[in-house]
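Below is one structure, written out as structure tokens; comments come after it.
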Amino acid sequence: MTITGGPKLLTYSGNLKQALHFANMNVIDHVRDMAAAGLHSNVRILSSLFLTMSNNNPELFSPAQKYQLLVYHADAIFHDKEYRNAACKYSMALQQKKVLSKTSKVRTSTGGASTNIQAQSLPSEIEVKYKIAECYTILKLDKDAIAVLDGIPSRQRTPKINMMLANLYRKAGQERSAVTSYKEVLRQCPLALDAIIGLLSLSVKGAEVASMTMDVIQSIPNLDWLSVWIKAYAFIHAGDNQRAINTICSLEKKSLLRDNVDLLVSLADVYFRAGDTKNAILKFEQAQMLDPYLIKGMDVYGYLMAREGHLEDVEVLGGRLFNISDQHAEPWVISGCHSFYSKRYSRALYLGAKAIQLNSNSVQALLLKGAALRNMGRVQEAIIHFREAMRLAPCRLDCYEGLIDCYLASNGIREAMGMANNIYKTLGANAQTLTILATVCLEDPVTQEKAKTLLDKALAQRPDYTKAVVKKAELLSREQKYEEGITLLRNALANQSDCVLHRMLGDFLVAVNDYQEAMDQYSIALSLDPNDQKSLEGMQKMEKEESPTDATVELDGDDMEGSGEDGDLEGSDSEAAQWADQEQWFGMQ
């Protein structure tokens with residue numbers, strides 16, 4: 001009988017303990033336990049009912065209990081992503097907390113829990129203020145979020161409060177306050193690497209930042225790489241791409257950090273900034289193979305692939321990222337790049353605006369929208385977006401190139417020249433800055449000779465820099481120095497394969513009556529980018545066997561995003577109107 005009755009006795013004993021436990025709990029304890037268990041929908045319903053009971057009978061719950069109910073109710077609403085409603089309920093909780101602080105005696109409810117236990121379990125007022133600021137940030141009410149967090153005394157600010165404040169200050173252009181907050185984060189958490197990146201992005205010296213982490217590096221084993229990591233990101237934010245590449249490569253070669261996805265993405269991004277498209281794509285692909293769910297940096301990768309003419313791959317990439325998350329800007333940017341390079345500018349504009357809506361700090365989204373606006377003839381609106389991209393990423397030359405293209409499109413050669421000279425003086429004489437300045441000089445007949453000198457200097461530094469080769473070929477075409485142009489393009493293609501270069505070589509070969517090889521070059525160009533209209537036109541002319549005297553040789557420059565060329569919108573008028581309606585609905589410029 002003992003054996004058969006054992007489980008029943010144990011069950012009875014367990015039920016008795018549970019009954020005694022519940023007997024010592026009041027209703028607030030039940031709500032708190034459900035919140036801790038993640039039963040948010042249940043908390044929302046129950047707390048709503050209790051709050052209504054409290055409003056109808058103020059004596060039913062003590063001020064402390066009503067404060068707790070309001071906080072738990074707001075938490076449940078926050079979990080349902082109703083952020084404006086949640087902010088309102090959190091604010092009501094803070095008002096209730098003020099009532100509570102004025103009350104010396106805490107009334108007990110019919111539940112019977114002791115006053116001391118209630119006082120110890122009250123939600124933190126600082127945490128409630130942080131939640132309000134979080135709601136405001138999501139709602140893009142940054143000024144209101146700063147006002148709430150500024151109201152918290154400095155000594156009571158937790159690391160996450162200082163981190164949020166620092167990010168908000170930086171976004172608002174309050175750099176000194178942002179630096180102070182980032183430093184406070186590092187003082188409390190010396191391994192907060194995003195705070196380190198924040199400081200470096202605000203031009204704080206790498207040595208100063210490294211000194212703030214020295215104690216933890218020396219006290220914990222296997223952290224000797226951190227000082228090198230800081231140096232690498234210091235180079236990135238100083239615009240010293242080559243030294244950044246060398247430093248990250250030295251880190252990546254270390255056995256403990258080999259195949260780190262974040263390092264690979266950073267390395268790919270720096271290669272992209274340095275104009276090394278081939279290595280950038282290679283590193284992005286390597287990172288993607290290591291982490292198939294990677295989102296960070298994929299917008300740049302998608303842009304590069306679209307620019308290289310791999311539109312089918314871009315479409316697949318965008319679809320895959322949408323399946324991972326449609327709440328990030330990256331998949332929208334990638335789809336926008338596909339539309340842009342398919343010359344569907346209205347759709348690219350909509351997708352770029354949607355990406356900005358999700359992440360207003362997305363540089364690639366701003367560039368996409370700016371490029372779409374420029375190619376639709378809305379140059380002044382495009383300028384606003386390129387300027388914002390420049391503010392967010394002052395070391396990214398493609399932001400400046402977009403703005404310069406806008407100036408040139410509106411005949412603002414003086415403004416373009418001023419911008420190009422400023423880049424040249426600020427970032428130094430490297431292949432990219434020399435080419436940007438030469439591009440502007442090519443627009444003015446008076447400065448043609450200066451453009452040639454600048455391009456020669458750029459190619460002396462980097463003979464394989466595609467943009468410099470394209471601009472030099474354009475210049476040689478104007479001067480009808482076809483043999484020299486052919487030599488230049490052959491040398492450039494010896495170590496790389498680029499659609500624009502092959503097409504331009506085809507154009508030069510037509511000019512010297514070498515039709516067979518010209519046809520081969522057009523074929524290679526189309527194999528690299530089947531959508532390259534200029535190569536297709538060149539091939540069609542060859543197939544018609546036009547005579548050299550009647551043929552019009554069109555020698556083009558770089559057909560990449562920065563060309564500023566107005567293309568026809570694909571799709572019917574009804575499609576354009578549909579996207580225009582969506583554009584207006586999303587509040588686009």
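Including glycine, each Cβ sits where the backbone N, Cα and C put it.
Residues or ranges marked as repeat 'TPR' in TrEMBL: 261-294, 363-396, 499-532. According to TrEMBL, the region 'Disordered' annotation covers 538-589. Annotation comment: TrEMBL describes 538-547 as compositional bias 'Basic and acidic residues'. Annotation source TrEMBL lists compositional bias 'Acidic residues' at 553-573.
Here the repeat 'TPR' (363-396) is broken down by DSSP into helix, strand and coil counts: 27 helix, 0 strand, 7 coil. Mean pLDDT of the predicted structure over the repeat 'TPR' (363-396): 94.
Helix, strand and coil content of the repeat 'TPR' (499-532), in residues and according to DSSP, is 27 helix, 0 strand, 7 coil. Residue counts for the repeat 'TPR' (261-294) under DSSP (helix as H, G, I; strand as E, B; rest coil) come to 27 helix, 0 strand, 7 coil.
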